[in-house]
Structure formats: structure tokens, C-alpha cells
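Asks: Here it is, the structure, as C-alpha cells.
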Amino acid sequence: MDYMTLNNGEKMPQLGFGVYQIPNEETEEAVYQAIAAGYRLIDTAIAYGNEAEVGAGVARAIADGLVTREELFITTKLFVDNVFNQETAVEAIDESMAKLGLAYIDLVLLHQPYGDTFGAWRALTAAQADGRIKSIGISNFDSAQMIEFTRMNDMKVTPQVNQIEINPWNQRKADLAWHEKYHVQAEAWAPFAEGRHELFTNPVLSEIAEKHQKSVGQVVLRWLMQRGVVALAKSTKPNRMRENLDIFDFELDAGDMDKIAELDMKESAFFDHHDPEMVEWFMTRIENNLD
């Protein structure tokens with residue numbers, strides 16, 4: 001496993017295991033099997049509704065001697081419901097720690113660029129200062145929002161991580177340059193774009209995979225590693241978990257990287273955070289939380 005050094009000196013595994021949309025009844029076992037396979041970064045969120053199950057899987061893996069707590073890097077995220085103000089963010093942090101059953105959380109992100117993000121950031125920086133959170137960051141902030149947030153937050157704490165959509169269809173080349181300038185680690189959700197646009201049978205990716213005797217999924221993950229991006233892979237199948245981890249014994253050459261670069265559609269495979277209807281939906285969530 002390779003590690004990235006964050007701007008606060010903490011080490012973050014470059015490949016992690018995500019639990020988004022894994023059914024609650026399968027999450028504990030999936031986390032346990034992921035740790036057994038070799039994953040050390042586990043990514044969850046309040047919005048996923050499975051923090052308790054993630055915590056149970058982590059606790060079982062530690063109890064069985066598969067790993068120590070210090071070897072793990074656990075991430076969760078505060079959703080828009082939790083960032084109405086600083087006080088609600090404090091409550092959410094406490095609740096997440098209780099559900100996960102952890103004395104500290106390695107990384108907590110603001111899941112969306114909506115709500116009182118500056119108030120929530122004060123809560124995160126306070127929790128980081130007292131050691132309950134090791135690293136803090138943001139998610140789904142575009143580069144302009146990231147720059148404003150980094151320059152204008154009154155705590156003057158630069159986010160350690162920004163988790164955003166990055167995949168062959170939405171490569172975020174300009175965004176990655178801004179992340180590098182501001183020393184914010186980019187982390188990719190949906191690296192496979194959930195298979196959209198027939199990613200797993202794409203001729204270009206398939207040709208590169210055959211060349212290296214790897215799968216298309218392994219090629220995509222390797223591509224992200226070589227771009228300095230942290231990536232999250234998801235599967236409930238132990239053999240696929242191990243396959244996704246088996247990407248550190250080969251490298252894509254310049255020709256491979258150039259061919260993948262040509263696949264960039266420069267648009268989200270999912271939704272646009274600048275879409276008024278999407279923003280309206282998030283605002284409704286916040287308003288309903290006040291009722």
C-alpha cells in the first residue's frame with residue numbers, strides 16, 4: 001500500500017474501501033473482509049446510515065488481531081443536515097464517534113458545499129485541536145469553492161482533503177492543479193463511474209488492461225495512483241476486494257496515460273452541484289431539518 005502525506009503530516013492510504021450503498025446488513029462483514037484483504041482506509045458518512053455497522057466491522061477486525069487501530073484510517077462525513085450551524089456540527093461529530101465506537105476519527109469531511117460550512121469548520125477544527133479528529137477536509141467543493149473556503153475561513157486551517165468525483169469520464173485536470181497549489185489532497189469517489197458509459201468494456205481501457213494483464217478496474221485505479229489521487233473502491237466480494245488492491249506491481253506508461261486522457265468528457269457522470277434543482281434539493285433538506 002502506498003501512502004500520501006497530508007498537509008498536516010498525517011499519512012493517508014492511497015487506496016481505500018468505500019461503503020456507499022452497501023446494505024446495512026452486509027456492511028459489517030464487508031468492512032471486516034476488506035480489512036482482511038488489506039484495506040486500511042475505510043470511508044463512510046452520516047448520510048450512508050451505516051456508521052454503526054462500519055464500527056462493528058472495525059472492532060471485530062481489531063479484536064481478531066487482523067489489524068491495530070493505529071494502522072487504520074477511518075473517514076466519515078457531516079451531511080447538510082448537520083451543518084446548519086456550529087452547534088449541530090458538534091452534535092454530529094459526537095454522534096459519529098459514538099456510532100463508530102472510536103476514541104478518534106482519522107478524517108472527517110464536510111460532505112457538501114452547502115449550509116453553514118464555516119460554522120461547521122469551526123467545530124471540526126476544535127475537534128482536531130483536542131485530538132478527537134486527526135485530519136479534516138471537504139467534499140464536492142469545486143476549485144473556486146475550495147479556494148474561497150481555504151482563504152476565508154477564520155480558523156485559517158487549510159482542508160487536508162477534498163473528496164470529489166474523478167474518473168476517466170470526468171478527469172478534473174484543472175482541478176487537480178489547483179489542489180496541488182493549495183496542498184489539498186484530492187480523493188476520488190466513484191473512480192469507476194459506477195460502470196456508466198460502459199466503462200468496463202471500453203476499448204481503450206480494455207486494450208491497456210490486456211497489455212498489462214490486468215482488469216479494467218485495476219487500470220483505472222492505477223491511473224489514479226499515478227496522478228497522485230487517493231481512490232475509493234467498493235465491492236462486497238472478497239475476490240474483487242483483493243483484485244482492486246493488486247495494483248502496486250505495475251505502472252502505466254506515458255502512452256497509456258495519454259490514451260486515457262483522451263477519454264475525458266469533462267462533465268459529471270452523475271450530477272452537477274451547480275444545477276439549481278440539485279442545490280434546491282439540498283436547501284430543502286436543510287430547511288426540513290429546522291422544522
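For all residues, glycine too, the Cβ spot is worked out from N, Cα and C.
This is the feature table in TrEMBL:
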ACT_SITE  Tyr48  active site, proton donor
BINDING   His111  substrate binding site
DOMAIN    20-264  domain 'NADP-dependent oxidoreductase'
SITE      Lys77  site 'Lowers pKa of active site Tyr'
Asks: Quick one: pull the CA-CA distance for Lys77 (site 'Lowers pKa of active site Tyr') versus His111 (substrate binding site), whole Å only.
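Replies: Lys77 (site 'Lowers pKa of active site Tyr') and His111 (substrate binding site) have their Cα atoms 5 Å apart.
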Asks: Please give the average pLDDT for the domain 'NADP-dependent oxidoreductase' (20-264) in this predicted model.
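Replies: On average, pLDDT over the domain 'NADP-dependent oxidoreductase' (20-264) sits at 96.
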Asks: Under 8 Å Cβ to Cβ from Tyr48 (active site, proton donor), same chain, six or more residues apart: give me those in sequence order, or none if nothing qualifies.
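Replies: Spatial neighbours, sequence-distant, of Tyr48 (active site, proton donor): Val19, Tyr20, Gln21.
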Asks: Using a Cβ-Cβ cut-off under 8 angstroms and a sequence gap of six or more, which residues of the chain neighbour His111 (substrate binding site)?
Replies: Ala45, Ile46, Ala47, Lys77, Leu78, Phe79, Val80, Ser139, Asn140
Asks: Among all the protein chains here, how many other CB atoms are within 10 A of the CB of Lys77 (site 'Lowers pKa of active site Tyr')?
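Replies: For Lys77 (site 'Lowers pKa of active site Tyr'), the 10 Å Cβ neighbour count is 25.
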